[in-house]
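These notes concern the structure reproduced below.
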Amino acid sequence: MNNYLRKLVEGQHLTEEEMYKAGLLLLNENILESEIAAFLVLLKAKGETAEEIYGLVRALREKALPFSNHIQGAMDNCGTGGDGAQTFNISTTSAFVLAGADVKVAKHGNRAVSSKTGSADLLEELGVNISSTPNEIDYLLEHVGIAFLFAPVMHPALKRIMKIRKELNVPTIFNLIGPLTNPVNLETQFVGIYKRDMLLPVAQVLQKLGRKQALVVNGSGFLDEASLQGENHVVILKDNEIVETSIEPKKYGFSIVKNEEIRGGNSKENAKITLGVLSGEKSVYRDTVLFNAGLALFANGKAKTIEEGITLAAHSIDSGKALAKLNLLIAASNEKLERVN
C-alpha cells in the first residue's frame, strides 16, 4: 500500500490494475485503518480517473456476494449521495415508480453517510426488510419486480471501510462507486452524481461494465439527482456511444423548484414524503420524482423519449401501481423465504 500512497502524495494517477490491487488491499483485514483513511483522502484530493474508478469497482465486485441468476431487464437508479443538499429520498421513491411501470429494479443502497436519511434508513422505516440475501433478492426481482440490495450485506468486506467513511464524514471515491458496485448484472442504469466533472468518467465505467443503456446526471446546483431548479448536465450511453448534453425541466412542463424546497429530514419525515408521493399527492416532491423517474424510464428504454417516460411515471403513481409495489416489497421481504435459501 505504501507505494500507492506515495504516488497519490505526488499527485500521480494509478493505473486500472494498480487501483484493482489497491482495492484488494483496502479490503484486507490486515491493513491499518490509518492507511485506509489516508488512501481515501489522498485519492479525493488528487481527483479520481475513470481507470481508477473501474479498477476499484472490479475489486469490490469480485469480493461481493455472488448472484447466480441473470435477471433480464434489471436496472438500478441509485445515486452517489455526497451533494450535501439534504433532499428527500428521491431515487428510492422513484424506484417504486419504475417498478410500477413494469421495470425490474435492483436498488443498491446504504444507510446515511453524509445525509440524514439513506435509502436503507427510509426503507427500514417503511417496513421493508433490508437484509435480503442474494437468493431472496433473485426471488423478489422475479416475483415482486423490485428488491433492495443493502451494501453491507452485499459487500461484507466493506465493513471496516464503512466505519472509516462515517468517521471522515466527507465524500470519497466510495460515494462515486456505490452505484457502480451493484452485484446484479444490470442491463441499464440511471445514475445521479454530485461531481459534474465525473459525468464522463462514470459513463465510461458503465460502458466497461457492459450496460446496454445508461444515463448519468448532475443536477442544477450540483445535485446528485435531476433537479427542477434549472439546467441538468447529462451523459447518455446508448448503442455503445456516449453523448454529452443538458436537459431543462421547463421543456417538459415543470415549474422551477429550488433545491431547498425539496429538503428532507429524518427517516420518519422522509417516509411521510415518500408515502405522500406514492399515494398521488400533488407537490414539488411528486414533480421531482416524475422528472427523475421519467429520465430513468428513458435510460431503461421502457420509454422512447423523456416525455413518454414522465407520462409512464405519472401513470405508475396515479394508477396505484407504484404504491402497490412498495406494499408488495414490504410483505415479501419479511416472509421466511426458506424455499429459495
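Each Cβ is built from the backbone N, Cα and C atoms, and glycine gets one as well.
So that you can see what the record holds, here are the features copied from Swiss-Prot:
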| type | residues | note |
| --- | --- | --- |
| BINDING | G79, 82-83, T87, 89-92, 107-115, S119 | 5-phospho-alpha-D-ribose 1-diphosphate binding site |
| BINDING | G79, N110 | anthranilate 1 binding site |
| BINDING | S91, E225 | Mg(2+) 1 binding site |
| BINDING | R165 | anthranilate 2 binding site |
| BINDING | D224, E225 | Mg(2+) 2 binding site |
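Taking the Cβ of R165 (anthranilate 2 binding site) as centre and 10 Å as the limit, one finds 21 other Cβ atoms among all the protein chains shown.
Within 10 Å of the C-beta atom of T87 (5-phospho-alpha-D-ribose 1-diphosphate binding site) sit 26 other C-beta atoms, taking all shown protein chains into account. The Cβ neighbour count for R111 (5-phospho-alpha-D-ribose 1-diphosphate binding site), using a 10 Å radius over every protein chain in view, is 19. Ranking the binding-site residues D224, E225 by how many Cβ atoms sit within 10 Å of each one's Cβ puts E225 at the top. Separation of the C-alpha atoms of S91 (5-phospho-alpha-D-ribose 1-diphosphate binding site) and E225 (Mg(2+) 1 binding site): 8 Å, rounded to the nearest whole number. Checked against E225 (Mg(2+) 1 binding site) by C-alpha proximity, the binding-site residues T87, H108, N110, R111 yield T87 as the nearest. Taking the Cβ of H108 (5-phospho-alpha-D-ribose 1-diphosphate binding site) as centre and 10 Å as the limit, one finds 25 other Cβ atoms among all the protein chains shown. Non-local contacts of N110 (anthranilate 1 binding site) by the CB criterion (under 8 A, 6+ apart in sequence, same chain) comprise G118, S119, A120, F150, A151, P152, M162, G178.
Within 10 Å of D224 (Mg(2+) 2 binding site), as judged by C-alpha distances, the binding-site residues found are G79; the full candidate list was G79, H108, R111, R165. Sequence-distant contacts (6 or more apart, same chain, Cβ under 8 Å) of G79 (5-phospho-alpha-D-ribose 1-diphosphate binding site) comprise I90, S91, P179, V191, G192, I193, D224, E225.
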